[in-house]
Amino acid sequence: SQPPLHTLLSTHDFLSAAASSFPPKTHAFVTSAATDCHTHRSNSHTYSLITLRPRILRDVSRVSISTRILGHPVSSPIFAAATSLGTTVHPEGEKAIGRACEKLGVGMTISTSASFSVGEIARVVKDCETVTERKEEEEEEEEEKAIPPLWFQLYVDKDRSKSEKLLKQAVEAGVKAVFLTVDAPVPGKREADERISAEEAVGLSSGVPMTGEKAENDKSGGGLGRITGKFLDASVSWGDIAWLRSCLPEEAKIVLKGVQTATDAVRAMEAGVEGIVVSNHGGRSLDTAPATILVLLELQRCCPQVFDKMEVLVDGGVTRGTDVFKALCLGASGVGIGRGILYGLGYGEEGVRRYVQILNDELETTMKMCGVTSLDQVHPGLLNTRAVDHLVPETVEEEHPYAKWRPSMR
């Protein structure tokens, strides 16, 4: 049974509520991660190893968490990361997420594997804006009005014409940027999802609208996470950024979602994309990949120039406002929430709004405690990272610091 929404005071409460109320297949799909789930756990645990250095006696009576992501004003640095199959959690799925994000004034990433087409979701968001006539219009406008952006997450189809058609639909729907997923050339092995038959999935009777794929059982199990594997193009490479650019209008931005090393961050910068998301797919792709906050530190140490040349976003393991604050201090301009949005979705639009608002409130409290009143004041000096510094690579080079063996030396 589901506890009343007003009794949930932390993001962890939403996780507990999902455990008792989500159908078994839905719970397995949302919570599962690759193989032994080390990266999934490490994403969140590593935040706790980085400590804050609070500053005192600053006037923190007024704080603002508004900012800009990819050129768009938003009411908070938190955004909805791309999540699949929303109707397995709630009948309104991504439509409810879209309405919540619009009312919150935060960005939303629409997945290729969403339960509705990008056009349907965009229309709901647009209608919502008209009906609610955002509160900012009634109040004194201190800052630029946040009209939250919609972004589109792309899994490239083996049949490129299908991807080109999807991109056209996304642009027509008003999408401002395309997040090309680069950390999942193939689906990860998520055993909890595989163990439960695909037939037990709720809300998926008609398949995934933008790809037409359905979940099925085979000798490997019945994982919903493998639906994408039926059409994913594992041949996508750096050369395809030019193809993607050719499919989009000049003003649309390209973001590479899933950068996990300084080497690839530099390569992305040289390729001229507008942004990257430091992400390991929420630990769902390759287990024992590094925690994303460690990758942010790697970029700061090995290639700080990337923060000047493109926008750096991050997702994975964020469960507290302190986590958001730490990511922002290390150079992230936006922080994505994936699973958490789906936990909130268990309560529909109101649940998504409450989930994000809890994090917003915690972020504001953290800022006040650290003597910061706006996000243009955050910096790495507000953190002590020494407990994890030894885990951070020191150069962009791919060489191991001492092991020099190569197969050719046999």
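Backbone N, Cα and C atoms are what each Cβ position is placed from, and that goes for glycine too.
Values in this document were obtained by computation on a predicted structure and should not be read as measured data.
For HIS281 (active site, proton acceptor), the count of additional Cβ atoms within 10 Å of its Cβ stands at 27 [all protein chains shown]. Under the heading active site, proton acceptor, TrEMBL lists HIS281.
As annotated by TrEMBL, FMN binding site applies to SER111, GLN153, THR181, LYS257, SER279, GLY338, ARG339.
Neighbours of ARG190 (glyoxylate binding site), defined as other CB atoms within 10 A of its CB across all chains, total 26. Positions annotated as glyoxylate binding site by TrEMBL: TYR155, ARG190, HIS281, ARG284.
The annotation domain 'FMN hydroxy acid dehydrogenase' is assigned in TrEMBL to 3-388.
In this structure the C-alpha atoms belonging to HIS281 (active site, proton acceptor) and LYS257 (FMN binding site) are separated by 9 Å. Mean pLDDT for the domain 'FMN hydroxy acid dehydrogenase' (3-388) in the predicted structure: 93. Here the candidates are the binding-site residues TYR155, ARG190, ARG284. The one whose C-alpha lies nearest to that of GLY338 (FMN binding site) is ARG284. Geometry remark: ARG284 (glyoxylate binding site) versus LYS257 (FMN binding site), CA distance 14 Å.
Packing around GLY338 (FMN binding site) is summarised by its Cβ count: 23 other Cβ atoms lie within 10 angstroms of its Cβ, all protein chains included.
When Cα-Cα distances from ARG190 (glyoxylate binding site) are compared across the binding-site residues GLN153, THR181, LYS257, SER279, ARG339, the shortest belongs to ARG339.
Around LYS257 (FMN binding site), the same-chain residues at least 6 positions away in sequence with a Cβ under 8 Å from its Cβ are ALA82, GLN153, PHE179, LEU180, THR181, VAL182, ASP183, ILE276, VAL277, SER279.
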